[in-house]
Amino acid sequence: MRRIVVWFKNDLRLSDNPALYQACLDADEIIPFYCFDEAFQDQFPWGFPKIGDIRKRFIWESVADLQSALEAKSAPLQIHYGSTLKALQKLQADYPFEAIYCAQEYSAEEIEAQAALESFGFRLMRFEQYSLYKSEDLPFGIEAIPKVFTEFRKKIEKYASEISILPAPAQIICPPDLKPWSLIPLDEFLSTDLKPEPRAVLHFKGGSKAAWQRLRSYFWEGNHLQSYKETRNGLVGPNYSSKFSPWLATGSISPREIYGEIKRYEKERVQNQSTYWLYFELLWRDFFRFTAAKEGDRFFKIKRHPQLESNAQFESWRLGQCGQDFVDANMRELLNTGFMSNRGRQNVASYLVRDLKLPWYLGASWFESQLIDYDVCSNYGNWTYVAGIGNDPRQDRYFNLASQAERYDPDGLHRQHWLNP
């Protein structure tokens, strides 16, 4: 009897899930496993939680959706809280298993956590769950990833292998006495009583079901993909951009699945610069991820300065009270909804680093706490890019707030939306 644990993390889906798919081929029995680990209780040195309540809620909804999808296949998800090591040790005692199939991680913290499990005797088999392309599809080795995105993109577009998409397993066989675990009720899981935010650009709900509903709405019902390139820098409304990023961050939908729908849209509707540009944005995610794989610890290394823990300028920035209306509007949107437009992110990051002269990692930490689409590689990659210290170091990446507001919020609609009571 061969039994395998499938450890879900940021790959909360059944379709296009290589670890789950391969486990179903290799094992006689599967144990689906998810752990709300210590990060859900941790705080940053600057006094705010590592995972804020809005982001927590989105993850909880995503896990609940995965649990329902597994239950439909008679596969009870084993949900644990706290130490992943202790949870797996208990699982091993109750249902002895041979291996853990899980995602290939890229951040130093996650890699260390997996290595710690192996040091306790667990055998981990890692699969590339998060990227559009797999490392084996690339026209170069990880050690030869180009330092600049444009070179990476051109080589990928010219030489990379075709993208394949896996179906969901037809059946998932679990131990017959495996019992389902209950999710902690949402109101007990969160530290605050969250109310719906009527000003949000979209009412994001976690899970694969909601992810595919959004894709159908944006691509097929609204036909918005055809104008994505022209509208993507918008600030107000549900359809100026795809807004797939929260579901990509939790893995409720894969970049390969989105790519497959882009290609179908190009065949059935239109192929133009906008359809290409959404693919282009998926390539950026891969670039940051593979760069993290290449750089290792160096990509994530942070120097913390205790004297900045209670910095008043940073507090004003993160709470949307710094006095710059374009910055404040975007930061209040983030604080109240867990989301901010890409244009807004570039401007608030530039303001923190260039105008306030504060370390970029303070902003990166706040984004990690608040963003429902937080992705470690994209977050660090984008912040170091704006700060001019990443793979493409330039000290002139300055966003002039007045000209940016005039260009992207000429009527002040976004600022009125978030700054007026």
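Yeah, the Cβs are placed from backbone N, Cα and C, and that goes for glycine too.
What TrEMBL says about this one:
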| type | residues | note |
| --- | --- | --- |
| DOMAIN | 2-132 | domain 'Photolyase/cryptochrome alpha/beta' |
| BINDING | Tyr228, 241-245, 281-288, 373-375 | FAD binding site |
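The Cβ of Tyr374 (FAD binding site) has Arg55, Ala249, Phe367, Glu368 as same-chain neighbours under 8 Å, each 6 or more residues away in sequence. Within the same chain, residues at least six positions away from Trp284 (FAD binding site) with a Cβ under 8 Å of its Cβ are Phe149, Ser378. Taken residue by residue, the domain 'Photolyase/cryptochrome alpha/beta' (2-132) breaks down under DSSP into 54 helix, 28 strand, 49 coil.
DSSP assigns Lys243 (FAD binding site) to coil, not to a helix or a strand.
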